[in-house]
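The structure appears right after this line, and notes come after that.
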Amino acid sequence: MGTLTDPTVDPADPHVKADDGAGLIDAGQVHPERLETLAEDQSQRDGANGVHFPVKTNTGNAAESTASTENGETGSIDVGKLRTKPSPVQTHIHRGGSEGLYRGASGGIYRSASGSTHIHRGASGGILRGQSGGIHRGRSGAIHLPSLQSISFSMTRLPEEDAGVMMHFTETKETETTPESSRASDEDAPTPKKKHRLRKHLTAIGAYSFAFRFSETVLSLIAIVVMCSTRGSMRTDGVDFGTLKFNHFQAYRYLVAVNVIVFVYSTFQFIQLLYTVILGISFIPSIFISTWMTFGFDQLFLYLLLSASTSAATVANMSYTGEMGIQLCSRFDVGSFCSKADVAVTMSFFAVLAMLSSTILAIYRIAVLLREY
């Protein structure tokens, strides 16, 4: 095992003594093998896993040099440090059989025989920070992110446009995954995946508004196309009076103009609703402003379309009944012209019904806003 000497004490001094627990021994006369024998006897008497024997000097400076030999898991030797009384603190340095330096059983610095230094942190060989997420560092040095567990929730709110929209969010939640063994390789670590999704689904009110806007657009377009294509040749008793067109009637021109305006407005509202449902972005950020603007324009264009449709319906009726006994459709053989005009007026009235339904939905949304605010 070797000889234990105190460099501060002269071995030739006959006054230096060593205490083995039973009496004083002259340090100058003690052989190293004798000290080893005393240590073994002390270990047997104490019943501990090592030997503790102090060496005292008579220099009068109240210093005690303590050395202990302890057989640990790797047969290590604990060498105490020179301390001054009355401090009770004592630091041990464990030297393993590999001639390295190891501090602590659960973590510290391990120095191998080759001289390299390794960090040992816990039984899992990594750093775990919190249960909800953190960083796990394996023995090879790679960083493993925690696994992700998907969660979802739904929310219904008043949208920025005509319809109610249900927004469904799908997000991710981080959870800590501890390796099964301390020797788990980096390839065994779970691959992190993050997914963020945002979906919007139409509610019943939203579906109705979507359908009404689409109907307004289609019906107005049909009324415009049919009325613009309305024309016929005026003939009676072999006499040709020329071609009869829709622009010869002021009511029909007014009907076409109003339907063009309604078509543009309904197309804009339809695109805004479609854009909001698919991308989640509205042209007007404020719900309050958007709802009141929609209600106002719906009312305006509803009155315009209703007046144009009724005016055109009056002219179409007079074409059959005649004015002052003159029936235009039957006398001048322009039946195709009158039929097309009737179809255009009918489509315009259907557009009025669709616009009226959108206005009722706008009133409902205003009532919801007033109740919330």
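The backbone N, Cα and C atoms fix where each Cβ goes, glycine too.
Pulled from Swiss-Prot:
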type	residues	note
TOPO_DOM	1-204	topological domain 'Cytoplasmic'
REGION	1-100	region 'Disordered'
COMPBIAS	56-74	compositional bias 'Polar residues'
REGION	172-195	region 'Disordered'
TRANSMEM	205-225	transmembrane segment
TOPO_DOM	226-253	topological domain 'Extracellular'
TRANSMEM	254-274	transmembrane segment
TRANSMEM	277-297	transmembrane segment
TOPO_DOM	298-342	topological domain 'Extracellular'
CARBOHYD	Asn317	N-linked glycosylation site
TRANSMEM	343-363	transmembrane segment
TOPO_DOM	364-373	topological domain 'Cytoplasmic'
Considering the transmembrane segment (343-363), which listed stretch of 205-225, 254-274, 277-297 counts the most C-beta pairs under 8 Å: 205-225
Average pLDDT across the topological domain 'Extracellular' (298-342), rounded to a whole number: 83
Remote residues contacting the topological domain 'Extracellular' (298-342) - C-beta distance under 8 A, at least 6 residues beyond either end: 226-227, 229-236, 241, 244, 246, 249, 251-252, 254-255, 257-259, 261-262, 265, 348-349, 351-352, 355-356, 358-359, 362
